[in-house]
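Q: According to TrEMBL:
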DOMAIN    5-259  domain 'Thiolase N-terminal'
ACT_SITE  CYS89  active site, acyl-thioester intermediate
DOMAIN    268-388  domain 'Thiolase C-terminal'
ACT_SITE  HIS345  active site, proton acceptor
ACT_SITE  CYS375  active site, proton acceptor
Amino acid sequence: MVDEVVIMSAVRTPIGKFGRSFQAVSAVTLGTIAAQAAIQRSGLTPEQIQQTIFGTVVQAGLGQNVARQVELHAGIPATSTAMTVNQVCGSSLKAIRLGQAAILMGDADAVLVGGTESMSQAPYLSAQTRWGHKLGDVSLTDSLSHDGLTDAFHHYPMGITAENVAARYHVRRADQDAFALASQHKAAQAQAANRFADEIVPVTVGDTVVAHDESVRSTTSLAKLAALPLAFQENGTVTAGNAAPLNDGAAAMVLMRKSAAEAAHLPYLATLTGFREVGIDPALMGYAPKLAIEQLLDQQHLTVADLDRIELNEAFAAQSVAVARDLALPADRLNVNGGAIALGHPLGASGTRIVVTLLYELLHADKQRGLAAMCIGGGMGMALTLERP
């Protein structure tokens, strides 16, 4: 029998608003907090973790190998190994896949996976000063914008790719604003009902305990969203209100060989059942999840009707609306507690974050099969499926 990989634990930090509570908290610290909680919840000891694979997008100034720093700060022995992944927004979803592969290839029985990002601490870069600058002004490059939010091929912001998707697939601004409003309302309702409590590990900053996501706007309305100015393109559709904000946060999971978990009589949350990634024109990157989801479902001989819950990362309402509409994703199973437009999108952490949220929603609703998917800068998309026991 082919062995499988199971999720032993899943946890995330609150998602901090850009420049707010986590402004002075590094990506390494956020990742360590999530990692420690994931290990503690897994039923394993740090000594049983053999690898750590973590995603981080804006790595300038963080020091060598963020994953290794997280690993050792979390108490995992130095005899283990670690790798940092950068596949832009998909970094920590790919980390899950790489952790699964490491286990199936026999490299490890237990792997810590996840992602972390501090967009607030992304530094400004001065490429001109390495060899001296004799005369004139010196310009700085925003590493957050350059390495995280700008298409490397067309040299325009990710927001323009959303405008491209809106134009190509006929997504009106009114539809985007309605989608964004629904995300905010669902997230606000979930917060009010304390539905995120089980998946969040609070973070203490000075004398303050941060336990809730900071970007949720419970008082927004269609009128307020409609009044916002266009953010990227004249006569466009994308605004700050129908796009994901800038954020800080981390998420982590412990993966284990299913046979090893069963032999140790350890309970697990879910089994990883499928994964697919695709590439498309970078100018239309937001539409890529549609293809990834289609191919993954075909591969498993499933349909959308077989999915109990779906988490689609809301980088922009434009691409989310297009993907959801063209796949006929049912609204009552899609991002039922809101998505990244409301909760936030800390780049390197978001892939694992949506899987963590998916797992706890399946648990709370007593459902079995879930799918998580996201678009990725540079023209890629990923989708992952899992099933609860």
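All residue numbers here begin at 1 and follow the chain in the order shown.
Using N, Cα and C of the backbone, Cβ positions are placed for all residues, glycine too.
Remember, TrEMBL labels are computer predictions, not curated facts.
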Q: Which residue counts does DSSP give the domain 'Thiolase C-terminal' (268-388) for helix, strand and coil?
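A: For the domain 'Thiolase C-terminal' (268-388), the helix, strand and coil counts are 55 helix, 32 strand, 34 coil.
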Q: What is the interatomic distance between the Cα atoms of HIS345 (active site, proton acceptor) and the residue listed as 'active site, acyl-thioester intermediate', given in whole Å?
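A: On Cα coordinates alone, these residues lie 9 Å apart.
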Q: Who sits close to CYS89 (active site, acyl-thioester intermediate): which same-chain residues at least 6 apart have their Cβ under 8 Å from its Cβ?
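A: Once residues fewer than 6 apart are set aside, CYS89 (active site, acyl-thioester intermediate) is near VAL57, ASN313, ALA315, HIS345, LEU347, SER350, GLY351, MET374, CYS375, ILE376, GLY377.
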Q: Just to be sure I understand the packing, how many Cβ atoms besides its own are within 10 Å of the Cβ of CYS375 (active site, proton acceptor)?
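A: Total other Cβ atoms inside 10 Å, all chains included: 33.
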Q: Across the domain 'Thiolase C-terminal' (268-388), what is the average pLDDT of the model, as a whole number?
A: 99
Q: So for HIS345 (active site, proton acceptor), how many other CB atoms are inside 10 Å of its CB?
A: 27
